[in-house]
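J.: Pasting a structure below so you can have a look.
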Amino acid sequence: MSIPACPFNVSCDIDGPHEWESNSDVAGLGVLIGFVGTAYIAFALILINYFVAYDPEIPPPQQKRSIERQIRSTARRVLTGTETFTNTPVNPTYWIPNPIDVKLLAWLRLRTTKVLEKCRIALPDFVTARPEQFRVGFNKPILNMCDAQILTGISILTSGFISLDNSLSSLHWKMIVYLAWFSCVTHLSGLTVLRRHLQGESWARYTRLTLMLVLLIMLIVAMIPTAFFNWEEGEKTAYISAANLDTPAICFFSIDCGKALYYSKEPEVPLSQTPAFIEMLISQTFISFGFIARSIKLSMRLSDRLHRNIRAPLAKFSHRQLQRLEVLLYSRGHTSTRTNASSDLQSLRYGLIIRPILALVIMFRTQAELFNSMLGEIFWLWVILLWGTSKLAIASYNEWEFSSTKDHVSPSDQWEFGQVLPVLLLVAPLITLLGPFVSEPAHPDCQIQGMEQTQVSDHNALPAPEPGQVQRAEGRPNSMAIPLLARGASHEAGQRGADDHGDHVNTDRAFERGRIGLSSAVSGEYYSNMEWMLPYLASSFVIIAVHIFFLFRYATDTFYSLYLYLEIPEPEWVYPYWNPSDYMFTQGGVFYLVILTYPSAGQAIILLGVTVHDWWQRPHGTFDYYRRSVVFWIMAIVVHGLYACIIYLEAIPLYWKFVSVILATLGLYVVYAVTCWITCCRSSNRRERRARATLM
């Protein structure tokens, strides 16, 4: 039966006979290993580079040159007598390192250094003596893989578009799409770690962004036909599909043809509620969001405009409004003129109004910094890498199973020339990786200028800057001479000393009084002074991973296909619902519950931490410190776990999920308000008892 809406000279009927041929150039094992292996090798190099060689306190090249020009201009005006260092304005938009990366890497490298010292393990010479070559050694193979993969991805999509006239099957088209997905992920990985290098080379930056944009547009267009591929797997019956595995893929480049094929089989369920359509939207969102975020960070102009026009005005507005609220609710009069009643009322106002707003401010700031950190980017890469792996694994299993049912057709698992070559090409980046490590160090006069750091010539040498102005923007002097792991230890030790004086005096006094000011929260001083920040961030990271796990469980067929491929019995909890995507987005509304509960749980944990901060700072021994840490870890896990159980317990209906979330949030705040009231009453009673004892 022909479909009138299909304008192509091929048979698009789902029930009609179609020729099926194995395609080892698309579904071959060697091709899969080549594309997937390259992406995972690039991710592994980025992960090792982050924990071992990445220095979050080195500013980007363009920002550093801007700082150097500002310093030279200021020095000239000072030397000519027109200005002094004290009245010279400092550019407030200088680069600031991400505090999460700085704290995490300093803590990890300090602990690693101590463990290595206790075990009497010496680090290799290229780590301690040549840290710049160590960083360059990671950049070169990643750069080579990115250049190769972006051209490979464009080539395979171009070949796929050309082959559409030859009745390329829908299954092989889906495999082409996700092979190009891995090329795109590999290049996004390169943009993550090579950002500072590309910021210093305009031609290379614009060339790679242009090629990446071409690949992204081709990939998004190629994903459109996959919205109609609701295939059956084994004995599981999903929604009716507009295509069989062997239906020509060209039929679904016409939206009208695809809709006609789908609604001819399933007139009741809208196409937008099918798993394939939702998975297509998720895939396009993942890859587009990753490209846009990295493009903004790669361009200093876009980053500066974003900072000047959005972030800086928003921060100033928030700071000003929070200061007004703090002045309004928290009187700053003389302590001697305050009565006991006004002091109790002030404490109650602080607990019921200031502290919840403070928790909300810290929650938004920490989540923004977590998202903007290199750690957040690496985690995002890991998510989209797993997403593409799950989709390609399902398509590969379908190809193997479908080919096995055809007579005289063997699966695409034969090793041929086109299969061996992609596997052998995986060795090339590893050879490039060894080069900088085994080579001799260059002469001091002709050493490689680092990709991440530029030096000022001797004739531009300047006097020592004022503390808190240039030094904060410049980072640590001669940081490249410090071994990578030892640098983390020195930063951690220096931070402990810095936390006891200088800019932290007013904040520490506020902490000693049990009052954490709203303006202090905006300035971001909470990472060094709040011991409960690590449990909060760690539990947030874990709960994000839990939500992504359930996204994979409900929005893909990963678990079901894995059990089919391994030929083992499927547990009842793996696939309890008729359609996982339907549970995740359409009927269950779990996605909206995640958006609602994640910030609520985060604010509740921070509110708990701000409340117990005064108790945490009391004098205590080592055992008490660890006991308090364990208690707060348990509290953070319990709060996040409570919301997760409400969301993912399948026995709770949708209506009661929303009701339970609202009741749980209100219950936490009611308990907190009652605790504040009891604390205020106990403080008032203690004060009255002391007054009576004094009179007696």
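Don't overthink the numbers, they just go from 1 along the chain as shown.
Glycine is treated like the rest: Cβ placed from N, Cα and C.
Nobody curates TrEMBL annotations by hand; they come from automatic prediction.
What TrEMBL shows for this protein is this:
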TRANSMEM  26-52  transmembrane segment
TRANSMEM  175-194  transmembrane segment
TRANSMEM  206-231  transmembrane segment
TRANSMEM  378-397  transmembrane segment
TRANSMEM  417-438  transmembrane segment
TRANSMEM  534-555  transmembrane segment
TRANSMEM  590-610  transmembrane segment
TRANSMEM  630-649  transmembrane segment
TRANSMEM  655-680  transmembrane segment
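Where in this structure would I find these features, and how exposed are they?
T.: If you look at the transmembrane segment (206-231), the same-chain residues 6 or more away from its ends with a CB under 8 A from one of its CBs are 146, 150-151, 153-154, 157-158, 160-161, 170-171, 173-174, 176-177, 180-181, 183-184, 187-188, 190-191, 198, 238-245, 249, 252-253, 255, 258, 261-262, 271, 274-277, 279-280, 283-284, 287-288, 291, 295, 298, 398.
Same-chain residues lying 6+ beyond the ends of the transmembrane segment (590-610) with a Cβ under 8 Å from its Cβ atoms: 355-356, 358-360, 362-363, 366-367, 516, 530, 532-533, 535-536, 539-540, 543-544, 547, 550, 554, 583-584, 632, 635-636, 639-640, 642-643, 646-648, 657-658, 661, 665, 668-669, 672.
Listed by sequence, the residues of this chain that lie at least six past the ends of the transmembrane segment (655-680) yet keep a Cβ under 8 A from its Cβ atoms are 344, 347-348, 351-352, 356, 589-590, 593, 596-597, 600, 604, 607-608, 611, 639, 642-643, 646-647.
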